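What Swiss-Prot says about this protein:
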- Lys104: active site, proton donor (ACT_SITE)
- Lys68, Lys92, Ser356: substrate binding site (BINDING)
- Thr188, Asn219: NADP(+) binding site (BINDING)
- Asp144: site 'Important for catalysis' (SITE)
Amino acid sequence: MAGSLFADASKRLEKALKYVAISDDAGERLKYPKTSLSVSIPVRMDDGSLKIFPGYRVRYDDTRGPGKGGVRYHPNVTMDEVQSLAFWMTFKCALLNLPFGGAKGGITLNPKELSRAELERLSRGYIEAIADFIGPDIDILAPDVYTNEMMMGWMMDQYSIIRRKISPAVVTGKPVTMGGSQGRNTATGTGAFYIMQGMLPKFDQYPENTTVAVQGFGNAGMVVAECLYQDGYKVVAISDSQGGIYNEQGIDIPAVIDYKQRHRTLAGMYCDQAICDLGENQQISNAELLALDVDVLIPAALENQITRDNADQVRARYIFEVANGPTTTAADDILASKGIYVFPDILVNAGGVTVSYFEWVQNRSGLYWSAKEVNDRLKEKMVEEAEHVWNITQELDVNVRTAAYIHALNRLSEAMDAKGTRDYYQDS
């Protein structure tokens, strides 16, 4: 637990352990990952030079089933980050009652600096390096930050080449033509929207009286913003890594999505070269967005966005974490003292892994579902588990994050106990 992010993540476990009758053995196991792999990936660049990229894969726990977790491409990827993300995946899968453990992977690079051919060589090289540690019954990959269905297709193809058989279930989030599931591309954002639909009315927050700010306008942030807009919520602010826009009257989300998809950034959306016509819109920074006086704040970017340093500036009444780990433990305490409800990442963004599970099931069975079937099953799953978590908050008088960890811990503890005491009887 040397890394700062992982040390912070583990504090959430410690808070929940006070409320769960878990054995000392089970508690001790959950403090450490099962396997942590570091690899070096050589890639021949388009100019003929050779570059080495560091890569990682962590399988945190497989008590409830094979590891499950995405692969991210980002300049800030470290073993500490990957281990923390695998830790969160363990609890996320248990919380949603999926037959998976938690895993995560990543490569340290800026993918925007590589050509498509270089990214393909990198993706295939990553699978070459970790092939003996993954598989449909061992550890299953998926998209994450700056990875997409195209890259998942390359990875599945490379694994199939290595194993000399078609193995679609080793990767989820693939193109539909390669065995991917309907609805997987939008699952994280759609699942978050279902959680909000179920939870906000408990506080008398409805579309007509609720303002929303979304930090992060990648796949998940874009989808949840559009879902909210279509349902009648007033989305007044959005941002990406380059900055954002604010409009007190509400933003035309479909128009922004169209621009973002054509230009890959929100920066300059209302500008022609150096001349900007913002109209009713104002340009704002990510820091300013987090401090807006809105009903709902949705962090949908990266981890550690709300910290001890800026939590006191947050004025939203409800936070729904679409990103992984956007709020630090110290910030949690400050937000709680202000009466702000934080709906945690392991619940809110679990739509992605839930539909990944659906894809894995479809790959294994050979039976494929329509988009309506996928979304109906997703909504049922998300709403059901959110209600379980909410009931725990009422019964034990704990915050929503602690309730989510309690719910997940109960399932993990049951699975560990069900496996028996084989460790006591192994030959020394």
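Note: Cβ is positioned from N, Cα and C throughout, glycine not excepted.
Of all the binding-site residues given, namely Thr188, Asn219, Ser356, the one with the smallest number of surrounding CB atoms inside 10 A is Asn219.
Here the recorded positions are Lys92, Lys104, and the one with the most other Cβ atoms within 10 Å of its Cβ is Lys104. When secondary structure is read from DSSP and collapsed to three states, Asp144 (site 'Important for catalysis') falls in the coil class. For Asp144 (site 'Important for catalysis'), the count of additional Cβ atoms within 10 Å of its Cβ stands at 22 [all protein chains shown]. Thr188 (NADP(+) binding site) and Lys68 (substrate binding site) have their C-alpha atoms 15 Å apart, to the nearest angstrom.
Here Lys68 (substrate binding site) comes close to Met89, Cys93, Leu98, Phe100, Gly101, Gly102, Ala103, Asp139, Ile140, Ala142, Val353, Ser356, Tyr357: these same-chain residues lie at least six apart in sequence, with C-beta atoms under 8 angstroms from its C-beta. Of all the recorded positions in the record (Lys92, Asp144, Asn219), the one with the smallest CA separation from the residue listed as 'active site, proton donor' is Asp144.
Binding-site extent for substrate: residues Lys68, Lys92, Ser356, maximum pairwise Cα distance 13 Å (rounded to the nearest whole number).
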